[in-house]
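These features come from Swiss-Prot:
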type: DISULFID; residues: Cys40-Cys84; note: disulfide bond
type: DISULFID; residues: Cys130-Cys137; note: disulfide bond
Amino acid sequence: DIVLDTDGKPVNNGGQYYIIPAFRGNGGGLELTRVGRETCPHTVVQASSEISNGLPVMIAALPRTMFISTAWRVSIQFLKVPTCTPKPSYWHIPQDSDMEGSVEVRVDERFPLEFRIEKVSEDAYKLMHCPSSSDSCRDLGIAIDEENNRRLVVRDGKPLLVRFKEANQDSE
């Protein structure tokens, strides 16, 4: 299946999108924040404000096709990040995080294909983490940490349901 955005258009391979919740009522889009001892935002969280779209991401797959398919592993990277944040800001799940399975951004020269988008219903998708060493994928959901951040983490059976909103230059 081709992944569709909030306007019903195919999600472009290499396109820029906001990842927003499929259903209102629990926070906004996905963005970066500082947690714990981080001096610079590295950790992927859901915005606390429902009206926030979060930060735009680029979603890319290796097959040189125009659109993103649910069959492929993709890389996800934030595009507009603070100066101190490593670039390119690819999503990654480090082994040494303070919260197990927490999605963070790290510099990765390898173009990491660690994620998949799966259709859940007509207007909702879920993000999954697929470690490169394995064929199995696990749901990404929200866990609230001790600082009340809504962190994006591996949560089997409790996925965050999302949609993809095109990040137009004029809708900043």
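The backbone N, Cα and C atoms fix where each Cβ goes, glycine too.
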Three-state secondary structure, which DSSP defines for Cys137 (disulfide bond): coil
Under 8 Å by Cβ from Cys84 (disulfide bond), counting only residues of that chain that are 6 or more apart: Thr39, Cys40, Pro41
Cβ neighbour count within 10 Å of Cys40 (disulfide bond): 13
